[in-house]
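Student: Below you will find the structure I want to go over with you.
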Amino acid sequence: MKASFTNIIDTQFTITELTEGDRYEFRVIARNAAGVLSEPSESTGPITAQDEIEAPSVSMDSKFKDVIIVNAGDTFTIDADIAGKPLPDIMWLKDGKEIDSATQRMEIKSTITRTVLTVKDCIRVDGGHFVLSLSNVGGTKQVPINVKVLDRPELDADLRKIVTVRASATLRLFVTIRGSPEPEVKWTKRKELPDGRWLKCNFTNLQETYFDVTGLTEDQRYDFHVIAKNAAGLLSEPSEGTGPVTVKDDVDPPRITIEDKLRQLVVVKAGDILRIDAEISGRPIPVISWSKDGKEIEAKARVEISSTLMSTTLIVRDSIRRDSGQYVLTLQNVAGTRSLAVNCKVLDRPGPSSGPLEVTGLTAEKCTLTWGPPQENGGAEIQHYIVEKRETSRLAWTLVYADMKATTCKVTKLLKGNEYIFRVRGVNKYGTGEALESDAVKAMDPFTVPAAPTNVEVTSVTSEAMTICWERPVSDGGSSISGYVIEKREKSGLRWVRVNKRPVYDLRVKASNLREGCEYEYRVYAENAAGLSAPSVPCPLTKAEDPLFLPSPPAKPKIIDSTKTTITLAWNKPLFDGGSPVTGYSVEYRKTNDEDWIVGTKSLKMVLEGLVENTEYEFRVKAQNDTGISYPRDALSSVIIKEPRIEPTADLSSINKQLITCKTGNSFAIDIPISGRPTPKVTWKLEEMKLKETDRVSIKTSKDRTTLLVKDAKRGDSGKYYLILENAAGAKTFTVTVTVFGRPNPPTGPVEVSGITSESCVLTWAEPTDDGGTDITNYIVEKRESGQTSWQVVNSSVKRTTIKVTHLTKYMEYTFRVCAENKFGVSKPIESQAIVAEHPFSKYN
């Protein structure tokens, strides 16, 4: 059939009055103004008339994905292309409520394919969270759009009295500034009130609630008010003025205010933080100084002093016993001086008991110990003492008493002849104190004098002197021999005369200043702590005359070293030089079974060279003086010449527990004596890496020592160092552990900021990847307000990796940073992203 619709200008048309369920075909004929018809288009083909469902959809400009920013007074439009079958219902919402399109400034226009929201002469409250919502039987589609309106700031200022000084003034004000974005503050002033002129001051971005105004004239009258401006360049209305103010000298003596608890004794435990906070005031600003027990305190590793115009804080970290005392804060300006004392006490373990630790009544089985109480009790009553003993031949201590109340006690069950050291430690409720040790004593019955020395004889004689030798007594009387006393007597004399003015410790003495031709006899006394022994049996009479006989043979030679072709012999001087000084020695050697001896050299030590490997040799030594050559002294036995093989070894006894510690930036050395035959090859390794010499690492090795030196130590130099020694007899490895301590790495970021409100937020971070070799003691958290260059401490003793920051200023932009601290220093900081202190759904956003 032919449809009755004509003059269709659009290329889209809706056909009505169809019967649901019937099938239709459609085609289009064009007609021009002359009434000429075109040929019909192709048919659409059979179509059944029935409802078609298509979910709503929206197409918008990409600019609506970001926050739309407009200035107050302007007009903004949000438009969108829409689709859906059947046609969707259109709804516009703002901050969760449907928009009433009947308002004078807000208009909504919609067609079947488009919807437009227009807001005229917008004000700040027109900004917010808009939502376009479409719905039909096929579903619902919602599109959010955020709009921010930049308006003039609102200023709520209460300017209080101005405290002035010559040619400058400090404005004390309390001001709340609202606006988006957050406004900056500008000041204006009016000079000579009657003239009515306001002069603009060039101070901007004021962050504090006070400001120093300079360039004023003394005795002039001024009025001040404040204006806020935001980033959009919009100015607030001026605040009310301060009222007339005359610039003149104004001084105020210093004042100090502290918490009531600081006026009493401040008590902290050792290792905790000691903190004293004080509020201060005064005109002009007073000079601040802190002292302790009469000495001025300076900031150092554990001590921090921080001050502002209105406060000062003293912090002592990791407090120890000597941090106890009286701390005095002193303020001084032209108006006077004010001091305030705070008494502090650090509770700690006790110090060592007052000594000495006396050992009395010593026998072979027991003794009595006596000591005094500690001079420093750590701030708490001494509860008891721990008494211990140790044999000097052992490293372990044995408990004697675990709960001794008195300062004297009896020690029993000692072993006769063993040497002991005793120690005492005081205990209070905070722990066990430092030890007081006694001198070493031997468990013996009361001492007696030693027995007399034996076998006194003269071993060397000249016309002027004699050498006397003897043997030790068979008993030392229970105390070590401290020396010997020698006496002489001429044959015709009645009196014994001392030979030595002081006791000698050797078993030999030379008696000089003799009379040639006289006969002398000698006797010897032994001395210990109990006194002198009885005298020895005198030696036979000996005439003081030069001898006319040969020296005695040298002491038996010893073989002290050998190689494939050499051997080293050593020997002692003859006991008797024959009455004439020994002038030299003759060393002879021969191959075993040979008859002829080969002459060597003249000295107390000789290296024989040119020997044949794996050949057996015999050796002997003769002494010579002016009279002649002594009888020979043979070696112990024949020797086969060959290179000895001794397994390499190293002496690590000088390195305590094979552990070396070093602070970053310093140097450390591992110096180890080595031995072995042949001389071992030396290799140094750090973990699995073979060490080579660099600008920081040097290795020096000699026959009997190797030294590894590391300069400018770094944390990466920590680890196990292996010394490897190798020769033909074997190989050995020795280990030394090195720990390099230093400041920690920065905390692991990012610094996440969550839970943001207008007054607080929560910061979270992770531990450093490297703690510097020792535990992280705390974290330091700081904040910086937008436009400021200085950082303010939020908390310098944070123990965990999260903190809630409070007392933020509403709408202020903040950046935070965090440092880690250990006992060696503070790490570099990591910073957070900037955030604005505001509720996430504030009506001002």
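In case you wondered, yes, glycine gets a Cβ from its N, Cα and C as well.
TrEMBL lists 1-52, 155-250, 353-446, 452-547, 553-644, 746-840 with the feature domain 'Fibronectin type-III'. Feature annotation from TrEMBL assigns domain 'Ig-like' to 56-146, 254-341, 644-739.
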Student: When you check the domain 'Fibronectin type-III' (746-840) against the domain 'Fibronectin type-III' (353-446), do you get at least 3 Cβ pairs under 8 Å, counting only pairs 6 or more apart in sequence?
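Tutor: The domain 'Fibronectin type-III' (353-446) and the domain 'Fibronectin type-III' (746-840): touching, no.
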Student: In the domain 'Fibronectin type-III' (746-840), how many residues does DSSP call helix, how many strand, and how many coil?
Tutor: 0 helix, 48 strand, 47 coil
Student: Which residue counts does DSSP yield for the domain 'Ig-like' (56-146) in the helix, strand and coil classes, in that order?
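Tutor: Split into helix, strand and coil, the domain 'Ig-like' (56-146) gives 7 helix, 54 strand, 30 coil.
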Student: So what pLDDT does the domain 'Ig-like' (644-739) average out to?
Tutor: 92
Student: Looking only at the domain 'Ig-like' (644-739), what are its DSSP counts of helix, strand and coil residues?
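Tutor: Here the numbers are 6 helix, 58 strand, 32 coil.
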